[in-house]
Structure formats: structure tokens, C-alpha cells
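Below: one structure, written as C-alpha cells.
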Amino acid sequence: MPIPVSTQALLEDLSALVHTESPSDDRESVKRVMETVEGWMRDLGATVLRLDGDTRRFILDGRSDSPEIDDRSVVILAHADTVWPHGTLNTMPFRVEGERVYGPGTYDMKGGIVGAIHALRALAGTLPHRVELLLTPDEEVGSYDSRAQIETAARRARAILVVEPPVAGTNALKTGRKGTGMYHVKLHGVASHAGNAPERGASAIAEAARTLLAVEGFADSAKGTTLSVGRIAGGGAINVVPAFAEFWVDTRIAELGEAERIETAMRGLRAHDERTRLEVEGGLNRPPFERTEGTAALYTRAQQAARELGFEVGEAFVGGGSDGNFTAPLCPTLDGLGAPGDGAHAEYEHIDLSAWPRHVQLLAELIRDPGV
């Protein structure tokens, strides 16, 4: 039987989280969101562990006499931070308009947290196995503090259910994501008067331009590898041969094998003008989330559960990363199990209230039986 879901109750809890603004760069505000969630989980009888890097682990121990039940945890993975700075609620207030609820962090991903809480409330006392909620503070800025905790959870898990939102428009679940990274390239030249002695100078900007074109040449569209220079800076006074320039490269890979090729190519960059010097910093942050047999089995179970609930779910491979990128190489992982809607990181961010309850019901079915 599907769990009962109250849209009004979802909205009340969502309002509490959204009105606690939690930009990634303010860890104390992020902790306040975590404390609200901790209160909800304690009410369910969860064991609460405060881990290194400000990650919270909430454990619900299911009970079963059946030796067939795998005692590894089903782990729900969520993050408490958002991209929105303090004060965003003043211009982008939490509000319901028709079948949509708007506000900063609604869709990405406080709605996912709330949906998970409501699924766990409905399943309280009936869980046949251990279920954990892992709540991290820094997904939007790379998960540098929480990555070790995420990977530890994945190594002991039966399945990872990521409550990032489904694909906007189609509500497809995510069975793959590109790996992501960022490189920072610095060029050091030689300053000189651009009119009186240009030959004594070595332009860092000219060197950056040549290097930039080389970097974009590392892309391989057939393999899903992209390198995009998203920002460039350099120079000072117009009449001075510039002594410094820098640019930043967004990197996306669909295949793990491409990571080594791109890393080797970027580290192998050399200045064309021997009077200049080149530095490369950064690298791949999130590995690609590839569609494994375990992920395929999770998705098949989700399809079955959705049909039993009276709707269909598709699957998609997407270019953006999530914490699921860290877990997918280690454990069956299914992403996109959060609140349906649109507008991640945009002013029209919202949740579709007409579809949200059934996605909470779907999550509950996968918590109860992930099919792996």
C-alpha cells in the first residue's frame, strides 16, 4: 500500500527549512537546517552522529527475524546547503501559487530532505532493515569536507538513494552524471612599455590566448568530454605589455578513462614563449557517475514501484554533478528521488505540488525495498 502523504504537511516542513537560509559559505546557517532535521529524526528514534566536516548521520534500525534480509544500510543522501545568499527571501519569497511552491532551495534540495523525512515517518516501525540519512553541508561547493564521509557510507551501503530533484520537465530519474572538475591556469609574462619597448615584454594575455585554444582542443564530443573556459582575467594599464593573466576551465567527463587523459594533457601544458611561465592548479573533483548493473537494478525497481503507484518514470544521463558521483563507483546509486519541479539555481525555482506526493511515495517504496 502507498504511504499516505499530506501536501499541507509537506509545505509546513518545507517552509521551516526554506525560511532558514543556508548558503554554503555560512556553515552556522547550514547547521541550523541540520538541527531542524536532527529534531525530526530524533522524534523518529534515530541515532544521531555528528561526523567530521559537519556532516550528520541519522540511523534508523529496522528489525526482522528473516535471515534473508541484507543488514547493510539503505542510505538516503541529501545536502543542507544552497547556492542562495542571505537575504534572497526578501526578493524571492517562499510562496504557493497554484500548483507550485516557490522559494530559494525549494527544488534544490530542501524539498528532497522534506520528502525523505515524510517517507521515513510513514515507514516508522515497519522498516525491515537499517536505513540512514546522510546530510552534508557543502555539496554546492564541491563536497570537499564531506566527501570522505559520503564514500564511507557508500562502502557499507546496500543502496544509495539521492534526493536531488528529478529532471525538470520529464521528472526522469538520474542513472548517470558527468564527472566534474575545474582547472585554474596562470600565465606569468614580462611587463614592458607597450609603445617604447614592446619587444622587451612578453604578453601573458597573448600566452593565455594561445593556451586557451590548446585547452579547448582537448575536448572530445564523441566521448562526452567538454572543457569550457568560463572566466578569464589579466593585464592592467592598456599601455603596458601584461605581466599576468589567468583563466578558469570547467571540465566535464562522461567516462572515467577520460579523467587520466585530461589530467595528463592539462599538466602537460607548456608556454609557447620561453620568457613566460605557466602554472596549472585544480583538477577533477567528482568522478563520473556511470550506469552500473546495480544502478540499473535500482532503476528497474523504481519503474515497477512507480507503475504500481499509477505513473511512469524515465531515466536520464545529465551533465551536472552531485554527491551521487562519489557513491556510484562504490555502491548501487539512484539519483533524482527528490521533489519534482524546475529552476535549480534560478529565480523561478519551484516544486510541482501536483506531482510531489507521488514522488515521496516512490521514495518510500525504494526505502522499503530497493530491489538490490
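Start at 1 and count along the chain as shown; that gives each residue its number.
Heads up, the Cβ atoms here are built off N, Cα and C, so glycines get one too.
The Cβ of D81 (active site) lies under 8 Å from the Cβ of S22, P23, S24, V30, T136, P137, D138, E139, E140, V141, each of these being in the same chain and 6 or more residues away along the sequence. Under the heading active site, TrEMBL lists D81.
Its Cβ placed at the centre, E139 (active site, proton acceptor) has 23 other Cβ atoms within 10 Å. The active site, proton acceptor feature in TrEMBL is assigned to E139.
Marked as domain 'Peptidase M20 dimerisation' by TrEMBL: 175-268. Across the domain 'Peptidase M20 dimerisation' (175-268), DSSP classifies residues as 31 helix, 40 strand, 23 coil.
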For D81 (active site), name the DSSP secondary structure in the helix/strand/coil scheme.
coil
